[in-house]
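Summarising the annotation, Swiss-Prot assigns transmembrane segment to 11-31, 35-55, 84-104, 107-127, 132-152, 162-182, 208-228, 229-249, 264-284.
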Amino acid sequence: MIKQYLQVTKPGIIFGNLISVIGGFLLAAQGRIDYPLFLATLVGVSLVVASGCVFNNVIDRDIDKKMERTKNRVLVKGLISLKVTLVYASLLGIAGFALLYVAANPLAMWLAVMGFVVYVGVYSLYMKRHSVYGTLIGSLSGAAPPVIGYCAVSNQFDAGALILLLIFSLWQMPHSYAIAIFRFKDYQAANIPVLPVVKGISVAKNHITLYIVAFAIATLMLSLGGYAGYKYLIVAAAVSVWWLGMALSGYKNAIDDRVWARKLFVFSIVAITSLSVMMSVDSMAPAHEVLLTYLR
């Protein structure tokens with residue numbers, strides 16, 4: 001039973017978000033780490049993300065039964081009652097919001113609320129089922145965790161927070177489109193209007209390429225704005241160029257789109273993890289030492 005309650009929170013998504021929270025937090029901390037705040041932020045965001053995932057499982061149970069990848073999920077098989085699941089999700093969310101408010105600051109809590117509302121209320125309940133722009137809206141909620149981590153320390157939404165929002169939102173797009181391509185039949189069967197299904201895979205490839213270019217520019221802004229150092233800059237540039245090269249390889253005539261998309265998806269995880277690690281490590285230089293000053 002405990003395993004089922006854990007599964008419904010989507011632990012993989014929680015773990016992925018924690019990596020980005022750590023990146024945002026340590027970027028803002030600049031080497032001066034408040035460990036109680038760090039722990040509280042990680043736990044608070046984890047609880048909020050878990051709550052959102054449980055609510056998403058409730059909302060998507062009719063869709064999940066149509067998809068090969070999700071047909072064996074806990075709620076699809078009726079292993080937990082709907083009423084208990086809703087109470088469980090609510091308690092997780094309340095605990096997460098309360099912890100962020102008390103242990104971090106109101107800004108971090110309200111950012112978590114906004115991310116939660118966008119994911120559950122806007123994306124899951126409506127946009128995912130009715131609009132090709134659902135992925136774009138969902139990307140905003142996916143970018144919330146690193147911004148929460150950053151603002152838990154800074155207690156302000158500054159240029160650094162905005163750049164993080166851009167980086168992680170732009171990353172979500174090619175990442176999500178890649179999933180939709182190699183899981184094309186699942187999305188088609190569930191009648192989910194993702195771009196590859198609605199507009200075709202060739203159009204999706206164009207969007208993927210453009211979003212990766214935009215992502216690359218956004219990642220460089222973190223160094224050029226003085227929030228991360230040259231080591232981060234080198235890794236960001238290398239990761240972006242490699243990811244773009246992989247995207248461009250998708251235009252070859254003999255390419256297997258499903259295999260290509262899966263590789264692109266896997267590398268997207270490598271890319272964002274690398275950036276999260278590097279912004280954590282290379283943020284320990286003096287705050288706001290603008291890289292451009294070294295180039296004059």
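Glycine is treated like the rest: Cβ placed from N, Cα and C.
Of the recorded ranges 35-55, 84-104, 107-127, 132-152, 264-284, the transmembrane segment (229-249) has the largest number of C-beta contacts under 8 angstroms with 264-284. Tertiary neighbourhood of the transmembrane segment (11-31): same-chain residues 38, 41-42, 45-46, 49-50, 53, 145-154, 160, 164, 168, 222, 227-228, 269, 272-273, 275-277, 279-281, 283-287, selected by CB-CB distance under 8 Å and a gap of 6+ residues from either end. Segment contact is absent for the transmembrane segment (35-55) and the transmembrane segment (162-182), given fewer than three CB pairs below 8 angstroms at sequence separation of 6 or more.
Listed as Cβ neighbours of the transmembrane segment (84-104) (distance under 8 Å, sequence separation of 6 or more from its ends, same chain) are residues 5, 8-9, 36-37, 40-41, 43-52, 54-55, 57-58, 75, 112-113, 116, 148, 152. Ranked by the number of CB pairs under 8 Å to the transmembrane segment (162-182), the listed stretches 132-152, 208-228, 264-284 are led by 132-152.
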